[in-house]
Structures are given as structure tokens and as C-alpha cells.
Amino acid sequence: MRGVSETIDETPCNAIPTKPVKSSSLYAFYVVGLLSLTMAFSLIDRFALSLLFEPIKTDLGLSDTELGLLHGLAFGLFYAGIGIPLGHLVDVWSRKWVIFWGVAVWSLATASCGFARNFPQLLLARIGVGVGEAALSPAGYSIITDIVEKRWLATAISVFQMGSLIGAGLAFLAGGAIYTAIDAMVPLDHVWLGGFAAWQLTFIVLSLPGVLFLLLTGLLREPQRKGLSQFKPSPAAEQEPGVFAYLWASRGLYGSLMFGCACVVAVSYGIISWCSTVLAREFGWSLSEIGLKVGLVMLICAPLGVLLGGLLADRWSRRFPQDGLARVLVLAAGLTLPFLLAMPFVRSGSGLFALIVVIQFTSSLVIGVGPTAIQLVAAPFIRGRASAVYVFVVNALGLGLGPISVGLLSDHVFQGDKALLYSLATYCVVMCISAVLLLLQFRKHYSKN
């Protein structure tokens, strides 16, 4: 099998001389920070649904499988699938405007969740959220790669990805607080608010910050793209089949990386998606208690894991040039597995919560390092599309199949008071074992390239 360097060398290209592009360190810091905050906002809109599973299930009469579909396939597959054409757009068009229109779409779709009166309407709104949010990751990775020095790239992308965990935490904290405050006022007799349930108004309120992020992203400067002075592809090389042929030529490298990271992320997404329902249904925790405690985990433990993963990857890449970055990925999956194996044996909500704290920390080590690996091994002119394929694989497996798989196991395989807990643990253990095996393969391929 050909290595990445060989694939790049054989790609039709014409070298052209250009002046090096320099970015202000202060401005780069601002852009990474803004993109991280935008990521956080997108995750608030994405994961607020999981906190509101129980009131939505009661009001609309949904099954666990339908809840998993709303949070999984409806969002995940459209989020992942639309990302590939958006990745092509990232490679050929202004990336800041790709993000701008993405924010507009997902904010309107989140508000639409608040107007849903039945399952099909909520399903369509969730699809809209997925389509809008698909723009952010490939465009964000591409912008950061062009404004940050390579030696700090893993750390910068990890800071960007920290926004996803902070947003998930705020979804529980802010979502829980907003829902509790609104629920205390229901039924509302205001002429404009009468007839809305508390969970519907929560979605509408959470969509409002979109106006601010539209303004801030619209004011960004589009950075000049790095690497095109060495690699200017011919028109034939820029066509979609050429991109997939490029990835296929090094399928051992890209496949083990993408699917290995996807399995680790699937564990994290599975825990986030179902932990509130498990704690409420099987251990009697209130939504306000869940929102506070799980929100703090997502705000503190998981972001620290993401940041540590990036710092460790940059440090180990300098110390172990051949496979330092890959070592971090293997470490993350290996550390997570023992705690997942302990999940079926917990006897209290506090015991399960303690495991959730550790699992979210260790699994989060992957979240910034995986996308960084894509930026380092992919040719400059296909980074947007390669990132989009990575996002597709991670989310099709993690978001698309994860939540609904747990729901199906709970509805049709496991029985009794702990059916949902056993379903979640079984799914996560299978994913984590797969991750360890795949990432060990990635380390072998990465060290050769």
C-alpha cells in the first residue's frame, strides 16, 4: 500500500512561487477562541434535546427508539452526509461565509423544535439542526490550519474542539436552568406564549444567541491558504472522484484513523445522550440535579481531557516524531475501556456518575487529536473534503448509530429496571474494544509515513 507522502507526490500539481503568509498571533488566538465559542453554541442546540427526553417523551408519546432516532439518525446522518459537499465548498469558497450560513440554518432549526407538535415535525427540525451544524467543523479546521503554527496545531484544534464539550455541558446547565424556570411558570397565559410546553420554549430561548454569532463570524477575515505554493492541483485532481481515490490509496491509514476515532467518540456521545435518562429513570435523579452535575462534568472534566490530549500530542510528536500523535489516540481508548466494563455493576446513581466523570475525561483525549491527524496527513487542496469525510465517519457511527442502537437494545434486548443501563454499557464496551484495535493499526500505518 502506498503511503501518504507517495500519494501526495503522485497527485497532479504545478509548483508556483508565492510569498509566505504570516498571521498575527493575537488575531489567531481570537479566531480560535471565537470558533471554539461558536462550536459551544452549536453543541448547546444539539444536546439540549437529550436533557429534555423525558418531558418530550411524555408530551408526544414517543418510544426510546424514536428518541434515539431524533438524537441519532435524524441529526447524525444528515449532519455527516451534508458535510461532504460542504467540505468541497470549504476548499473552493470563503470559509467564514460557510460558517455564517451554517449558524443561520441551525439557529432557525433549533427555534423550529420549539414549534413542533408531533414526531414528524420534531424530526424535520432536528434534520435542519444537523444540516446547519455540518458547516462548522470542516471550515473551522481549515481556517485554524492556515493561521496557527504547525507545532501548536494539535493544541489549537483541541481548543476549538473544547467548545464541543463546553457546549454539551452548557446544554445541561443552561438547558436545565431554563427548563426549570419556564416549567415553574407553566401554564403560561400570555397571548403569545399560551399553548407552549416548557420544553418547547426552552428550544426557542436557546436559539436566540445565534444572532450574535452571525455578527461575529461575518466580521472575520478570510485567511490565505497554506501549502498551495507547493501543491497547486490540476483541475482533474480537484474533482470529487480524485479525492476519494486519494483517500482510498492510503485506506489503511485513513480507515483505521477515522473509524478508530469514531468508535471512541461514539462512547462519549452515547454517554452524553443517555446518561440523563438513565439517572432519571433508573436512579430517580431530577432533571435539575442531572443538569447541574452532568453539566459541570462537561464543562470541566471533558474540556480538560481535550486540552490535555492536544498538549500531549504536540509534546509527544516532538519527542516521538514517528508515532507520538498516534500514541495519544491509543492511550485514550485503552484508559476508557476498564471504566466502561464497570458500568453494569454500579448500584447507585452516585457510582454511575463517578464513572461518567472518568469516562468523559479519558475519551475526550481523542476529540482534538483525531482532526489534527487529518490536517497533518492530507494534501492542502483536499483538507476541507478530508475533514468532511472524517466528520461523516465519526458522526455517522457516533451520532447516527449510537443513540438509536442503545434505544433498540433497551426496547428489544434487555429487560427489567436496569435495561437502559445495561444497553448503554454493552454498546459502549463494544465500541471501545473496536477503537483500541483500530487505533493500534493506525499507529502502525502512521509510523511508516
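Counting begins at 1 with the first residue displayed.
Every residue gets a Cβ built from N, Cα and C, even glycine.
TrEMBL has this to say about the protein:
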{"type": "DOMAIN", "residues": "31-443", "note": "domain 'Major facilitator superfamily (MFS) profile'"}
{"type": "TRANSMEM", "residues": "27-49", "note": "transmembrane segment"}
{"type": "TRANSMEM", "residues": "69-90", "note": "transmembrane segment"}
{"type": "TRANSMEM", "residues": "97-117", "note": "transmembrane segment"}
{"type": "TRANSMEM", "residues": "123-144", "note": "transmembrane segment"}
{"type": "TRANSMEM", "residues": "156-179", "note": "transmembrane segment"}
{"type": "TRANSMEM", "residues": "191-216", "note": "transmembrane segment"}
{"type": "TRANSMEM", "residues": "253-272", "note": "transmembrane segment"}
{"type": "TRANSMEM", "residues": "292-313", "note": "transmembrane segment"}
{"type": "TRANSMEM", "residues": "325-346", "note": "transmembrane segment"}
{"type": "TRANSMEM", "residues": "352-377", "note": "transmembrane segment"}
{"type": "TRANSMEM", "residues": "389-408", "note": "transmembrane segment"}
{"type": "TRANSMEM", "residues": "420-440", "note": "transmembrane segment"}
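In summary, the transmembrane segment (420-440) lies against the transmembrane segment (253-272): three or more C-beta pairs, each 6 or more positions apart in sequence, are under 8 Å. Taking every listed stretch (27-49, 69-90, 123-144, 156-179, 352-377) in turn, the largest tally of C-beta pairs under 8 A with the transmembrane segment (389-408) is reached by 69-90. Most Cβ pairs under 8 Å to the transmembrane segment (191-216), among the stretches 27-49, 97-117, 123-144, 156-179, belong to 97-117. Proximity of the transmembrane segment (352-377) to the transmembrane segment (27-49) is not established, fewer than 3 Cβ-Cβ distances being under 8 Å for residue pairs spaced 6 or more apart. The average pLDDT computed for the domain 'Major facilitator superfamily (MFS) profile' (31-443) is 84. Sequence-distant contacts of the transmembrane segment (156-179), counting only residues of its own chain at least 6 positions beyond either end whose CB sits under 8 Å from a CB of the stretch, comprise 28, 32-33, 35-48, 50-52, 55, 140-141, 144, 148, 198-199, 202, 205-206, 272, 276, 287-288, 290-292, 294-300, 302-303, 305-307, 309-311, 313, 360, 364, 367-369, 371-372, 375.
Listed by sequence, the residues of this chain that lie at least six past the ends of the transmembrane segment (97-117) yet keep a Cβ under 8 A from its Cβ atoms are 35, 38, 41-42, 45, 49, 86, 89-90, 124-129, 131-136, 139-140, 196, 200-204, 206-207, 209-211, 213-214, 217-218, 220.
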